[in-house]
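A.B. asks: Got these off TrEMBL a minute ago, pasting:
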- 53-66: compositional bias 'Polar residues' (COMPBIAS)
- 6-91: domain 'Ig-like' (DOMAIN)
- 100-183: domain 'Ig-like' (DOMAIN)
- 188-268: domain 'Ig-like' (DOMAIN)
- 277-355: domain 'Ig-like' (DOMAIN)
- 365-429: domain 'Ig-like' (DOMAIN)
- 48-74: region 'Disordered' (REGION)
Amino acid sequence: TAPPEPTVTLQPSGTQIHSSVIYSGETVTVRCEIQGGEGAQWTYEWRPHKANTPPTSREYTISGATKSDGGGYSCRGKRDSSWTEWSKSITLTVLSPSKPTVTLQPSRTQIYSGETVTVRCEIRGGEGAQWTYEWRPARLNTPPTSSEYRITVTEFDSGGYSCRGRADRFFTEWSDIITLTVSSPPKPTVTLQPSWTQIYSGETVTVRCEIQGGEGAQWTYEWRPAKLNTPPTSREYRISGATKSDGGGYSCIGRRGSFYTQWSKSITLTVSSPPKPTVTLQPSWTQIYSGDRVTVRCEIQGVERAQWTYEWRRGQSSIHPTSSVYTIRVTESDGGGYSCRATRSSSWTEWSDITTLRVTVPIEPTVTLQPSWPQIYSGETVTVRCEIQGGEGAQWTYEWRPAKLNTPPTSNEYRITVTESDSGGYSCRGRRDYSLTYWSNIRLTVSCKLQMFHPHQLFHQKYLFL
């Protein structure tokens, strides 16, 4: 019969040997097996020839394998003078595994106390090998050493982590160090944009949860009040057209994975009706003369820091300054009722009450008496008249002193049947729209005239000058 065909096997027969792959430094036995040839006194010949160290053996052990031990191995057997055929070649590959890598899961190097992190040692190209692992720091080396560790971290766990792998007597290099930083949990801060804590109905405000040092993390957020917790919970909320029900305390907490920050301090938002402005004049005299400088100011109490824009009216006409204050050199046309309102964001205040600016123009009326006698007697009739030279055609109304003459509508003349009590000074001024003339004066003296009787009657005469 034909001699049997040998077979080359490798021992140990771990997974890496099934694929004919071992790692530098490992030990492998190459064996020539002849099925059905048991009991015979065989000698063996090997390819490559370096295995042929006489007496040629059935098996060879390679200790501390190197890349030069890689290649094809085949054998044949001989007994007496008869040789078997050459076996099929089996290829041995000797690899040097790559340098391990330490990874963190999650992959953030900034971790907060109380979070859970997995530290993993990965050896690329070392798949299939029966690796054990050695770690730095050494506290992770609890046998059997594992490729990964799951740690609920404290600040004590901060530091550098590195690893190496071992298969049989082979060790990889140490990995590069990856540094894990564990810090105290951050405390969020609630901010408002714009930053006013006092806002007005109708305005828009953004409430934002900021976590210092937590940039880059995939946070989800929880809010108080709970009405903001619309999933997925957001870092910020925009409140448009705020109402009083939006007022109150706002606080937030951040979450990533199973880790929660502390609750932020609460920030209180107050929503109120916009205030009513006040218009003031400086100087504050009610009598302003044409040519004077007057500062008109729109004041909003309690909101000095707000960025307001202003709208002005004189009477029913809009005037264009948008500032809270402006200065004018007064002419007659500047007289009138001034009011203002203000806006910031999308909210408007009410219109202020009207403040009236009256301009005194350089016109002096003349007060006359009719009749113009210097001596008037009780019981006579006198007409007191206010005349404005150059003011013909204007729609004047008149103001008198003494005030008893000011029965509306005020007239430019009064007819008086005088008594001694009507003696005194009379003055007038004219008004049209918001313009005033100067005051003008005249004095009226009423006397008690002489009483005459028949000779047979008593005679009495008395004069009174007031």
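Including glycine, each Cβ sits where the backbone N, Cα and C put it.
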A.B. asks: What parts of the chain pack near the region 'Disordered' (48-74), using Cβ distances under 8 Å and only residues at least 6 beyond its ends?
C.D. replies: 8, 11, 22-33, 42, 86-94, 96, 169
A.B. asks: Taking the domain 'Ig-like' (100-183) alone, what is its mean pLDDT?
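C.D. replies: Computed over the domain 'Ig-like' (100-183), the mean pLDDT is 84 on the 0 to 100 scale.
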A.B. asks: From the DSSP assignment alone, can you count helix, strand and coil residues within the domain 'Ig-like' (188-268)?
C.D. replies: 6 helix, 36 strand, 39 coil
A.B. asks: Have the domain 'Ig-like' (100-183) and the domain 'Ig-like' (365-429) got at least three CB pairs under 8 Å, pairs 6 or more apart in sequence?
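C.D. replies: Answer no, regions not in contact.
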